[in-house]
């Protein structure tokens, strides 16, 4: 009986140790992130690569800026006026997490005064031609500290606030492809600071949170509508010029073959 009584706690301790080991392994996997922003020729653009088990599972290149309204006292110290802080995403610490249907990127900077979390989901839709998978940016959360003096000057009720997206469906892309968009895009975030809306401005975006085949290599790009329209506007004059030139050549050729009498 004594041996059995001693064996049970040993088994329990072993289970606890295994659970702790599993938890630590998950934490280590989440923190396997590489910040390659130094490779970018654009000083405003950041590059993040999340790896799990030695394999790239999320890649993100983008420039981000946050427009944050906050209250300060007017010169009479009676009225409140609204100022605006422009906060750029800088090259700080980061945490990533990958999954089959959910992936996440978190970035912290200025001693964790600011934190950005981006959640991506992959979904299947029943279409007339059969099931179709897409992925999208489903949630953005931005945490900021208005007592941080670099961007905020004498903010009233200074402290940490959280701004969240609401029913977000952005960067929608067919599964297996990366999303690319050079144009600026804005996302509105409702702040815990009463009656304040934070604006997130994204640009020079190239993201793939799922189905990466080769390390550090994006899959085929799915371009945003704005970029496609701008590309068409750039190439259309060239196409029209070529057509006009061809018409002139054909007209001259016909004129020489059939000269007027």
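Along the chain as shown, residues are numbered 1 onward.
Quick reminder: no glycine exception, Cβ is built from N, Cα and C everywhere.
What Swiss-Prot annotates here:
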{"type": "CARBOHYD", "residues": "35", "note": "N-linked glycosylation site"}
{"type": "CARBOHYD", "residues": "53", "note": "N-linked glycosylation site"}
{"type": "CARBOHYD", "residues": "126", "note": "N-linked glycosylation site"}
{"type": "SIGNAL", "residues": "1-29", "note": "signal peptide"}
{"type": "TOPO_DOM", "residues": "30-234", "note": "topological domain 'Extracellular'"}
{"type": "TOPO_DOM", "residues": "256-261", "note": "topological domain 'Cytoplasmic'"}
{"type": "TRANSMEM", "residues": "235-255", "note": "transmembrane segment"}
Inset, instruction - Restricting to the topological domain 'Extracellular' (30-234), report the mean pLDDT as a whole number. - result: 90
Legend entry - List of residues, in chain order, with Cβ under 8 A from that of residue 126 (N-linked glycosylation site) and at least 6 apart: 132
Inset, instruction - Please report how many Å separate the Cα atom of residue 35 (N-linked glycosylation site) from that of residue 53 (N-linked glycosylation site), as a whole number. - result: 17
Inset, instruction - Ten-angstrom check, please: count other Cβ atoms within 10 Å of the Cβ of residue 35 (N-linked glycosylation site), all chains counted. - result: 15
Legend entry - Three-class DSSP secondary structure - residue 35 (N-linked glycosylation site): strand
